[in-house]
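Below: one structure, written as structure tokens.
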Amino acid sequence: MVAQIRIGQGMDVHAFEEGNFVTLAGVQIPHTHGLKAHSDGDVVLHALCDALLGALALGDIGQHFPDTDPEFKGADSRVLLKHVYQLILDRGYHLNNADITVACERPKLAKYNLEMRQSIADVLNVDLNQISIKATTTEKLGFTGRQEGILATATVLISH
């Protein structure tokens, strides 16, 4: 039997607000601001959830965890990711790899890269080498360049 291969792509954006850390890939990173959101505002995990859901045409994160539902107020996005990945597993698929890009001027993320990758690998129970995270800037252009927020994109390859 030929393997069933699916690709998913996701994106998320959150604006900065008052605070002293951001949560990215389940890791709290010190910063001069927090991220405005109904949940913990983890743009990395939200983009990854959308990529996984998109790979099997299962909707998007907002359909599964609406920001109008008080149950998800302040929710830990690792819990959301675990739920989404279980939907993938329940359909007989597994993650081959995830490639994530985070765009922001600040905070600088290089020293948190391994910890962020490991956090995702732990939630999904996959090998570290299946998770890639890259950080970039937008050369001071756009809302991320003006340090108004953070953007993350994720692409996944899953197979059955």
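All positions are counted from 1 along the displayed chain.
Any Cβ shown, glycine's included, is placed from N, Cα and C.
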Practice prompt. Check Swiss-Prot for me: it has Asp12, His14 binding divalent metal cation, so pick out which one of His46, His64, His83 it puts in that same site.
Written response: His46
Practice prompt. Mind checking which of His14, His38, His46, Arg146 has the fewest other CB atoms within 10 A of its CB? They're the binding-site residues.
Written response: Arg146
Discussion item. I'm trying to understand the geometry here, so how far is the Cα atom of His38 (4-CDP-2-C-methyl-D-erythritol 2-phosphate binding site) from the Cα atom of Thr137 (site 'Transition state stabilizer'), in Å to the nearest whole number?
Written reply: 25
Worksheet item: So among the binding-site residues Asp12, Asp69, who's got the most Cβ atoms within 10 Å?
Response: Asp12
Discussion item. Other residues near the divalent metal cation site, CB within 8 A of the CB centroid of Asp12, His14, His46?
Written reply: Val13, Leu35, Ala37, Gly41, Asp42, Val43, Val44, Leu45, Ala47, Ile150, Ala152
Response to the item:
CB contacts under 8 angstroms to Thr138 (4-CDP-2-C-methyl-D-erythritol 2-phosphate binding site), restricted to the same chain and 6+ apart in sequence, sorted by sequence, are Ala103, Glu105, Thr144, Gly145
Worksheet, complete the sentence: Spatial hits near His46 (divalent metal cation binding site) (Cα distance within 10 Å) out of the binding-site residues Asp12, Ile61, Pro66, Asp69 come to Asp12, Ile61
